[in-house]
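Okay, so here's the structure we're looking at.
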Ligand SMILES: *[C@@H]1O[C@H](CO)[C@@H](O)[C@H](O)[C@H]1NC(C)=O
Ligand SMILES: *[C@@H]1O[C@H](CO)[C@@H](O)[C@H](O)[C@H]1NC(C)=O
């Protein structure tokens with residue numbers, strides 16, 4: 001009896017202390033997923049390398065502490081890690097090579113990013129799939145990250161879970177339909193594998209004071225409406241459940257929550 005109670009407690013404890021994340025590459029080509037934790041926001045990190053190769057139709061699962069804070073996973077395309085300096089991938093490359101540097105390996109645009117803060121405010125998990133920027137984490141006050149890190153789009157991705165919380169992300173491949181001013185980069189066959197945000201593409205010429213970047217005199221929700229962000233409606237129209245600009249919480253379909261008590265396990269699928 002005592003042993004039984006003990007084992008039940010042990011079971012509850014392990015449920016409460018970790019989640020299982022699965023990253024599935026459903027793309028018909030190899031990608032190199034990458035993972036980063038903002039260590040200034042929290043020290044809990046997943047029990048897995050910060051970058052790996054994912055062959056088509058393969059998945060990995062790993063344990064994530066249930067208070068993972070300001071974590072992100074994205075996919076990299078067309079990598080070559082024999083390159084020793086500069087971009088190692090056509091999209092989403094990071095400092096460090098295959099495994100991103102834990103402190104500086106935040107990723108370089110354009111890249112679609114999935115972001116999580118587990119056990120955030122009010123015992124909620126927060127998560128989003130960002131079609132254009134790591135805005136959510138920045139703007140939700142969960143932590144601060146420099147604005148010009150990962151943004152734009154390079155792969156369709158969806159975040160699902162096992163407890164019926166909302167699905168985030170976008171299954172549409174935006175590269176081929178991306179408007180030409182923000183389209184690219186292009187692979188060796190000329191195929192567009194990415195689509196930059198107007199901010200990342202620097203369309204208005206001054207990233208430090210930009211309506212597209214919500215920076216400088218445009219750095220509040222009031223001074224940076226989505227109507228002032230070029231190509232916002234392209235991203236949000238094609239990918240309504242993604243985080244498409246700095247203050248996209250107001251759309252009601254950008255940042256998702258799931259009660260932390262449900263101990264959700266999450267699956268991130270590339271090319272769903
Ligand atoms: C998460 O839990 C661990 C272990 O209890 C703790 O050391 C850490 O400070 C917690 N918070 C974050 C954000 O890492
Ligand atoms: C990878 O990069 C190295 C160094 O630039 C180059 O010699 C090699 O051809 C590249 N490999 C592929 C498959 O592109």
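Backbone N, Cα and C atoms are what each Cβ position is placed from, and that goes for glycine too.
Noted in TrEMBL for the protein shown:
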type     : residues : note
SIGNAL   : 1-18     : signal peptide
DISULFID : 27-271   : disulfide bond
DISULFID : 79-89    : disulfide bond
DISULFID : 94-100   : disulfide bond
DISULFID : 165-258  : disulfide bond
DISULFID : 170-239  : disulfide bond
DISULFID : 178-195  : disulfide bond
DISULFID : 199-213  : disulfide bond
DISULFID : 214-224  : disulfide bond
Once the DSSP letters are reduced so that anything not helix or strand counts as coil, what is residue 214 (disulfide bond)?
-> coil
Once the chains shown are all counted, how many other Cβ atoms turn up within 10 Å of the Cβ of residue 214 (disulfide bond)?
-> 25
Taking just the CA atoms, what is the gap between residue 79 (disulfide bond) and residue 239 (disulfide bond) in Å?
-> 26
Here the Cα-Cα span from residue 89 (disulfide bond) to residue 100 (disulfide bond), rounded to a whole number of angstrom, reaches 12
To the nearest whole angstrom, what is the C-alpha distance linking residue 199 (disulfide bond) and residue 178 (disulfide bond)?
-> 15
State which of the following disulfide-bonded residues has the fewest other Cβ atoms within 10 Å around its Cβ: 94, 213, 224, 271.
-> 271
CA-CA, which of the disulfide-bonded residues 27, 170, 195 lies nearest residue 213 (disulfide bond)?
-> 195
